[in-house]
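Accompanying notes for the structure given below.
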Amino acid sequence: MHITLIGVHQRNTPVTVRERLAFSLRELPDALLALRRYVEEGIILSTCNRVEVCAVTHDSVGGDAALKSFLAEQRGVDQAVFVPSLYIYHNEAVVRHLYRLAAGLDSMVLGEDQIVGQIKEALAIAHASGAIGPVLHRVLHGALAAGKRARTHTGIASGHVSVVSVAIDALRQHADLLKQGRALVIGAGHMAELTLKHLIAEGCSAITVINRTETRASALAQRYGVAWRPWGDLSDALAMSDMVVSCTSAPGIVVSWQMVERAAVGRSVPLLLFDLAVPRDIDQRVVEIPGVHLYDVDALEPICVTNRAMRAAEAQRAEAIIDGEVAKFMEWWVAQQAVPTIRALRERAEAIRDAEIRRALARCPELSPQQRETVVALSTAIINKLLHEPIVALRDPEAGSELVSAVRRLFNIDDATVHPSAKVT
């Protein structure tokens, strides 16, 4: 049994590739059902910064190939497009990655907590789809607990720690516009709400919310005391705005080149566009329009570098906490790896003992019932004595999965024996 994770991240994969691999929330249930044809357990995490597929498989090599094939087939993207920048983790490396991720240590914005909600959402969908089993349940709930502990006991999450807050940092370079200009927020999800909070905190008062589902737009606007407009007014709302933050979950372009070209006509101040969505909401060609400044999530990276430098000391403290939590999980994991091997080892020994005793007793019909019981008891005692030391060693958390694998090879215990319900893929 192996835990395997493959993924692409903002650090080494451009948004042009990430948006082709991204899954919307609506797509996840069907995608997870497809994933279960390849693996025992699975979960998909798709955010503006990363796309990751994590699964429990029966071997590392087969798991790697299965997850690559799944991602390519589901997204209709040739493996040659994403494999060069793909990262692959196994077992303890997967656990460490997910624990660090939940603590905000692997985020574009160091310490950000939006990832916690994204992990919980992905976990809930995977549970509802029947894709989560005991291993990933333990890993992911352990990750959430470890992340919470790291944030509680360090300053990793102090200050501005979200992609939205980084966008606001960029807006501060246009201080007059931020306080006196007109802002448009496209979307009505968590990121849109976070944008509203930051804009209001910065003193921006002329804010409009627009969303494809108008009831969500009106509810969000009412909650924060700002204006809202129906989706059909998007082009007009854009033309009346100086700052636009777009963060929908749409599968394609929401703000077209034509809309922005119209909005830029006769403008005395620059039009600032922040595209925080993946796939991207705004046609990237708008950068060619005079007076238009476009920032996508990758363009905000320089600000994030400064953020990470300021939190370096707290990050080290958080890493130490994560190390301890990963060690606890690995103790459980080694034990879980050993249990089916110990069971199979006992069954193999018992089968051999039983067969040999039957043959021996068949050759000695003169033995009395009491003598037969003595022979059976002797054989059982010998088996127990012989297996005692190997079983104690297998149960030792310090032994590691290497010993489990070695015992399975020595006693010819295969996957079908240890995992009788194993899928054939």
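Glycine residues also receive a Cβ, built from the backbone N, Cα and C atoms like all the rest.
As recorded in Swiss-Prot:
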| type | residues | note |
| --- | --- | --- |
| ACT_SITE | CYS48 | active site, nucleophile |
| BINDING | THR47, CYS48, ASN49, ARG50, SER107, GLU112, ASP113, GLN114, GLN118 | substrate binding site |
| BINDING | GLY187, ALA188, GLY189, HIS190, MET191, ALA192 | NADP(+) binding site |
| SITE | HIS97 | site 'Important for activity' |
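Cα to Cα, ASN49 (substrate binding site) and GLY187 (NADP(+) binding site) are separated by 18 Å.
Shown in sequence order, VAL185, GLU193, LEU194, THR195, ASN211, LEU220, CYS247, THR248 are the same-chain residues outside GLY187, ALA188, GLY189, HIS190, MET191, ALA192 whose Cβ sits within 8 Å of the Cβ centre of the NADP(+) site.
Checked against SER107 (substrate binding site) by C-alpha proximity, the recorded positions HIS97, GLY189, HIS190, MET191, ALA192 yield HIS97 as the nearest.
When the neighbouring Cβ atoms lying within 10 Å are counted for each of the recorded positions (HIS97, HIS190), the highest count belongs to HIS97. Apart from THR47, CYS48, ASN49, ARG50, SER107, GLU112, ASP113, GLN114, GLN118, the residues listed for substrate, the same chain places the Cβ atoms of MET108, VAL109, ILE115, VAL163 within 8 Å of the centroid of those Cβ atoms. The recorded positions recorded for this entry are HIS97, GLY187, ALA188, GLY189, HIS190, and the Cα of HIS190 lies nearest to that of ASP113 (substrate binding site). Same-chain residues at least 6 positions away in sequence with a Cβ under 8 Å from that of CYS48 (active site, nucleophile) are, in sequence order, GLN10, VAL163, LEU276, ALA277, VAL278, VAL297. Residue environment of MET191 (NADP(+) binding site) contains 23 other Cβ atoms, counted within 10 Å of its Cβ in all protein chains.
Taking a C-beta cut-off of under 8 Å and a sequence gap of six or more, GLY189 (NADP(+) binding site) has these contacts in its own chain: CYS247, THR248, SER249. Remark: of the binding-site residues THR47, ASN49, SER107, ASP113, the most isolated position is ASP113 (fewest other Cβ atoms within 10 Å of its Cβ). You'll find the Cα of HIS190 (NADP(+) binding site) roughly 10 Å from the Cα of GLN118 (substrate binding site). Cα spacing between GLY187 (NADP(+) binding site) and THR47 (substrate binding site): 15 Å, rounded to the nearest whole number.
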